[in-house]
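**Q** First the structure, which I've put down as structure tokens, then a few questions once you've had a look.
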Amino acid sequence: MNGGNRDLALWPIAASAGAHNTDHLVWAFTLVTLMLTVPIFVGFTIFSVIYRDGRPAHREYKEKKGRSEAIELSWMLIPFALTLAFFAWGARMFDIHRHPPANAITISAIGRQWMWKFQHPGGQAEINDLHVPTGQPVRITMISQDVIHALYLPALRIQMETLPGRYTELWFNADKPGTYRLYCSEYCGTDHSKMQGLLYVMKPGDYQAWLAHQGASQTLTAKGRQLFAANGCAGCHENGSTVRAPSLHGLFGQPVPMEAGGTVIADESYLRDKILDPDKNRIAGYKQLMPSFKGVLAEEDVVALVAYLRALGPKEEGASAEDAPDRSTATGDSTP
Amino acid sequence: MSPDGTATPPRQNLPATLRDPRPGRTTLGRPDDYLHAEHTLRSWLWTIDHKRIGILYLLSITFFFVFGAIAAGLIRLSLVVPDGQIFTNDTYNKLFTLHGVIMVWFFLIPSIPTTFGNFLLPIMIGAKEVAFPRLNRTSWYIFMAGALFTMADLVIGGVDTGWTFYAPFSTTFSNTYVLPALAGVIVVGFSSILTGLNFVVTVHTMRAPGMTWFRMPIFVWTMYAVSLIFLLATPVLTITLMLLVMERAFHIGVFDPALGGDPVLFEHMFWFYSHPAVYIMVLPGMGVISEIVPAFAQKKLFGYRFVAYASLGLASVTFLVWGHHMFVNGESETAAVAFSVLSFAVAVPSAVKVYNWTATIYKGSIKLDTPMLYAMAYIGLFVIGGLTGLFLATLSIDEHVHDTYFVVAHFHYIMVGGTALAFLGGLHYWWPKFTGRMYPEAWGRVSAFLGFIGFNATFFPQFLLGYMGMPRRYHNYPPEFQLLNVASSMGSLLLALGYLFPMIYLVWSLRYGKRASANPWLAKGLEWTTSSPPPAHNFDEQPVVDFEPYDYRDREARV
Ligand code: HEM
Ligand SMILES: [Cu+2]
Ligand SMILES: [Cu+2]
């Protein structure tokens, strides 16, 4: 692998600024925990030597009132306060990991027993391996077709469970080109340990060359657009339909009022639910006439449709959706 | 003093009934001791004596431990090579499931409560019996029925879900014998509930005159805390596993999204039980160590009340942190942050105990006999396990090491390094009381060392493996991880010796060991005031307690 003889390595390569940050956090935390525990180990050793039974030693010991309470409180609260700093550091990073920047490109991942399928915005698909550019935030939305998996990218110090029936996501901004590993880290049956591949982090130019070389026939949004027409979605949802159905332009990322009260943000999981199980979230002000496409559309098709709907701009510019796509425009606040 | 129990100094400050009944005199073979009261097999299998039931449990869990350990050995064997040539992937998956299910549910969870708890809890509070002796016997039968059934299923048929039974893999996708395994674990849960109930009522109603709450040994406090967790958490497990059964057997959609369920719901329900369950495993160990350390330092336990409260504190906060197993499943950010900070809070009462043990030996008269060596090993490993728990509770670190070997190392440090060592320490400490015989001291020390060294050799490399990114439950792993895996497997050989030796010499000592006096360690606590082994009804006269716990003042005066 990248960087000489990895057989003897005891520390993983960090391929992003975030990964370095995690490493720093770990080292700093290790240092503080050593401060808190070395006294225990040293104390135990020294005491068991000088106060060994039969050895003459000064053993006079009086309990002073209030002293032991003070000691107890101090060794409860001081370590707790010290470690809380690391809680805060970790939580801060976690917060960043939960909010992909608006300029992130979106790669979709589908997990199934026992392989990964990745699809780039341009439609290029790959199995088990994943190519990503440096210097560019990459957001991976994922879903499983069967059991729970998890996409784990150790060089980036990040992983996320891949659930059936619901999208999850992670994002990163790699900065060190190289070849690393990617794994499924959630146990998923017989060949769980073979559900692994390589993560190729490439300079942007190399990445573009790789994409071109893959030569996808069709971008993801174009495929979605086709499906949208072919499955009759357009018939209800575009102008001139006889059914009263909401327009889907500019829907992504917006709050949708529910029949049952309250609103739901139209994120990827919401769109998916609407397509596969339209009765689940009924929208206020519409009659639920939409048929379920469960069993009709494959998981890949749903991914393409969702990509298309995400890229659908506001009303009149609908036609431009096909051109918009590579950089997905309306990532907005899609955090679950 | 040597363990053969010579020269017990007088304890003038105690009432006559509480002085060592027959100082220095062996009591083995007195016709009415609980071992010799009756001899037939039936008298054992149909006993309602809590001490005999404790021994039955001791034999049972040792039996299960051996199976779990063999599976562990095979797992380590297979991981010597990276590409999984020794077993098929399916066999490997069945092996780690066998190992996990047996070790968690049939060894660690019942280990200390059902053996030492049954044997000692009534004696330590000066009672003749547990509150419901027949129910206690029933608990053992329920435990055996469930555990043997599941084990037969795991060994003959095999199950490949892992001990965590994550849905929808366990309900829809696995084609192994999941249902019988679930059934057995559910049944064993009832045994835990009944044992918990029995202990809670015993502690509330059966204490000897003068045995106030704050005169109870810490071991009793931890048994009480654990019993509360048994009562409150186990029913949740029962329900969760029942739902799995419904989905698997009758396709009632609860967890599988294809049937309209939610797999994250399973994670919540499972960990709502299983995080408290880790305190079922760890609190009793803390109780044992809190008995051993004062006895071998001949000094009062530092901060007795704090340690007692910390036990109850742990038993409560432990119900509020289950979400830390789910940081990377898309859990809401608010929930993740809350679970993270609460997990940091759990560490506080744990740390209290460790610091208090250290303070206890300050200015003591320390004897480094086998139980104390085990206790020291325990403290070392428990500290490492607890601190790495804090690393895991740190959100961004967990995003990296979740479901890797780092987690595997973490919980083995706590459960094997912690609980299993505390169990061995306690076993040596109370062995004279259980059997009336001393174990061979030199062998004991050697085993304690082997266990400690072997344990670290086995599990420390796994922290590195995990941080390097090796996921858990991996039969095929990249070649760059082989070196550390081989190191871990070699360490496990040493560790195995550390377990094997005690099994041999403890059995040997039943016949050839030195006879034990009533109080070979000059320890305080009611169990040391009755003969070794105790009479069938525990005490010749009803004890009356008018002294404080761990009252080593008469010994502390020595310079
Ligand atoms: C200081 C207290 C502790 C903290 C803060 C802590 C924290 C954690 C965290 C955050 C995890 C989840 C890691 C992950 O899956 O990514 C974990 C896993 C685990 N911990 Fe702890 N822990 C503590 C003590 C214990 C104790 C006392 C035990 C057992 C007696 C224990 C047993 C386990 C087990 C069995 C797992 C893994 C379960 C599995 O996934 O199979 N922990 N711990
Ligand atoms: Cu997997
Ligand atoms: Cu936990």
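Counting begins at 1 with the first residue displayed.
The backbone N, Cα and C atoms fix where each Cβ goes, and this holds for glycine too.
The domain 'Cytochrome oxidase subunit I profile' annotation in TrEMBL covers B:40-546. Residues annotated as region 'Disordered' in TrEMBL: B:1-31. Residues or ranges marked as transmembrane segment in TrEMBL: B:55-75, B:95-120, B:140-159, B:179-206, B:218-245, B:270-290, B:302-322, B:334-352, B:373-397, B:409-431, B:443-464, B:484-508.
Can you tell me where each of these features sits in the structure?
**A** Using a Cβ-Cβ cut-off under 8 Å and counting only residues 6 or more beyond its ends in the same chain, the transmembrane segment (B:95-120) has close neighbours at 50-51, 53-55, 57-58, 61, 64-65, 67-68, 71-72, 74-75, 78, 87, 130, 136, 139-140, 143, 147, 150-151, 154-155, 158-164, 181, 185, 188, 191-192, 195, 199, 219, 223, 226-227, 230, 277, 280-281, 284-285, 287-288, 415, 419-420, 422-423, 426, 430, 433-434, 473, 527.
A Cβ distance under 8 Å defines the sequence-distant neighbours of the transmembrane segment (B:140-159), meaning residues of its chain 6+ beyond its ends; these are 53, 56-57, 60, 64, 67, 90-91, 94, 97-98, 101-102, 105-106, 110, 114, 174, 176-178, 180-181, 183-191, 194.
Proximity of distant same-chain residues to the transmembrane segment (B:179-206), defined by a Cβ-Cβ separation under 8 Å and at least 6 residues beyond the stretch ends, is recorded for 101, 105-106, 109-110, 113-114, 117-118, 121-122, 125, 127, 129-132, 135-136, 138-140, 142-143, 145-151, 153-154, 157, 159, 161, 165, 216, 220, 223-224, 226-231, 234-235, 237-238, 241-242, 244-245, 248-249, 280.
The list of residues near the transmembrane segment (B:302-322) in space but at least 6 beyond its ends in sequence, with Cβ under 8 angstroms from a Cβ of it, reads 214, 216, 218, 221-222, 224-226, 228-229, 232-233, 268, 271-272, 274-276, 278-279, 283, 286-287, 290, 339, 342-343, 345-346, 349-350, 352-353, 356-357, 359-360, 362, 393, 549-550.
Same-chain residues lying 6+ beyond the ends of the transmembrane segment (B:373-397) with a Cβ under 8 Å from its Cβ atoms: 282, 285, 289, 292-293, 296, 321, 324, 327, 336-337, 340, 343-344, 347, 350-351, 354, 357-358, 406-407, 409-415, 417-418, 421-422, 424-425, 428, 444-445, 448-449, 451-452, 455-456, 463.
Residues of the same chain lying 6 or more positions beyond the ends of the transmembrane segment (B:409-431) and with a Cβ under 8 Å from any Cβ of it are 103, 108, 111-112, 115-116, 119-120, 278, 281-282, 284-286, 288-289, 291-292, 295, 370-375, 377-378, 380-382, 384-386, 388-389, 391-392, 437-439, 444, 447-448, 451-452, 455, 458-460, 462-463, 465-466, 502, 506, 509, 516, 521, 527.
With a threshold of 8 Å between CB atoms, the same-chain residues lying at least 6 positions outside the transmembrane segment (B:484-508) that come near it are 62, 69, 72-73, 76-77, 79-80, 82, 424, 427-428, 431, 439-440, 443-444, 446-459, 461-462, 464-465, 468, 477.
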**Q** What residues in the same chain, six or more past the boundaries of the transmembrane segment (B:55-75), come closer than 8 Å to it by Cβ-Cβ distance?
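**A** Contacts of the transmembrane segment (B:55-75) (Cβ under 8 Å, skipping residues fewer than 6 from its ends): 44-45, 47, 87, 92, 95-96, 98-99, 102-103, 106-107, 110-111, 114-115, 118-119, 140, 143-144, 147, 151, 155, 434, 492, 496, 499, 503.
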